[in-house]
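Accompanying notes for the structure given below.
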Amino acid sequence: MTTDEATKSEGEVQAVALAERGEDITPSKDRGVLKLIKRPGSGDESPMIGDKVYVHYKGRLANGKKFDSSRYRNEPFIFSLGKGQVIKAWDIGVATMKKGEICYLLCKPEYAYGSAGSAPKIPSNATLFFEASNAGELVELLDFKGEDLFEDGGIIRRIKRKGEGYSNPNEGATVEIHLEGFCGGRRFDCKDVKFVVGEGEDHDIPIGIDKALEKMQRGEHCILYLSPRYGFGEAGKPKYGIQGNAELVYEVTLKSFEKAKESWEMDTKEKLEQAAVVKEKGTMYFKEGKYLQAVIQYGKIVSWLEMEYGLSEKESKASDSFLLAAFLNLAMCYLKLREYTKAVECCDKALGLDQDNEKGLYRRGEARLLMNEFELAKCDFQKVLEVNPQNKAAKSQISVCQKKTKEHNERDRRIYANMFTKFAERDAKEAASKTGTEKAAEKAACEKGPKTPG
C-alpha cells in the first residue's frame, strides 16, 4: 500500500469512527457537527461569545489530503468566538471545549464551506471529516480570554447569551437592566433598575456598566470584569463595603432600551436647552469627584454643538458660551484623570474660541508642566500674566517651570558628562591596547632579523 493510500484509508477509518461515536453538538441536533474528544482539557470553563480564542488545528479531506495546519506554520490561529469570523462548525465546536482539550470535529457542508467550497484547497460540499466528501480536523484549544471592550484592559466582557438585533443603546438612552455585582467573590448588589446611560452613578452603578451598555444588544446576558478605573475608583463604595481600587465583576442582562435622540434628530433650540441641563449634571459629578461621569456630560455638549452651522447671532453666542465652558471643564477633568494630552487638546479648542481665555491658558500650562514641557508651560503662564497681571498662581508656576528647567538641564549635563567620560576611557583603553600590540609586533620583527643572507 502506498503512502497516499494509507493516508486515505486512515481518513476513512477516522471518519467512520467519528460518525459512530461522535457527540452531536449542534443546537438543532441535526448531526451537522459531531465531536470526539481525544484529550480532555482542564477546568470547568469554556469560551463564551466574543472571547478571543487561541487554537491549533490540522485539517484533512476525507481522502487524507491535508489542506491546512497551524502546527505547520508554527503559530496558533486566533479569532473571536461567535462573531462569524470562522465557519459555523468552529463557532459551535470550540465553544464546547475546555482549555488544553484536543478533539476531532466532524460536520456537514452547511456548517463548513458549503457548496462554494474554498478554492483551491477545499472542494464544493466538503466538510470536516465526514463520509465521502468530508474533511477532518484535529483541534486543540490553547487558551481563551474575554473581549477587551476598549482595548485598555479596563472592561473585559464575556457573553453568556447573545442579544438580538444590531442596535445598541447610545449615551442618554434609557435602559432597563438586571445586574448582580461581586467583589472578591462576595455578592454586594442585585437589582432590576431603569436609568439613563451615562448617569448610572445616580443608582450606585459604576461607570464601566454605562460604557459596556453601549456595546450590548437587547436581551444580551454577559459578565463584565471592571478595573478600579471603571469601577468605584480610589474612593470605593462604603455603602457596599467596597474599599478603594477594588476590581469588580458584574453579571448584566439588558432587558430593554430606548435610544436617545441623535444629534441630527435635534434642532438648535433643543440642543441649547439640553446643553444647559447636561452642563449642570456634569458640574455636579465633577464636584463629587466622579470625573469620568462628568466627561460624558460635557462631551454631549461638544457632540451637539461643535459642528452646528447656520445659527442666528443669538444662537451662535449661546453655542460658543456652552462650548467654551465644556472644553474648559473637560480640560479640568482630564487633568484630574492624569490624561494630560487630552487636557491640552481641550484647552486648544477653548483657546480657539477665546484666545485670551485665562483658564484655558492656565490649564494648558498645568498640563504641559506635568508633561515636562517646561518651556511651553512657562509661555502659557506668561500669557496668563499678560491677560491678568494679578494672577499669583501663574507667577508661582513660572518659578516652578524655571526651577524644573534648571534641574532638567543639570541632570542632562551630568548624564552627558558621564557619557563622554566613559567614551574617553574606552578610547584611551583602545589606544593603549593598540600601542601595546604595535610594540609587540616591532619587537617580534627585530628578534626575527632581516630575511636577506648575511
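Every residue, even glycine, has its Cβ placed from backbone N, Cα and C.
Per TrEMBL, the stretch carrying the note region 'Disordered' among 143-168, 429-454 is 429-454. Taken residue by residue, the repeat 'TPR' (324-357) breaks down under DSSP into 27 helix, 0 strand, 7 coil. Sequence-remote contacts of a segment are chain residues at least 6 beyond its ends whose Cβ falls under 8 Å from one of its Cβ atoms, and for the repeat 'TPR' (358-391) they are 327-328, 331-332, 334-335, 338, 340-341, 343-344, 347-348, 350-351, 397-398, 400-402, 404-405, 408. Confidence annotation: the repeat 'TPR' (358-391) carries a mean pLDDT of 96 in the model.
Residue counts for the domain 'PPIase FKBP-type' (50-131) under DSSP, helix first, then strand, then coil, are 17 helix, 28 strand, 37 coil.
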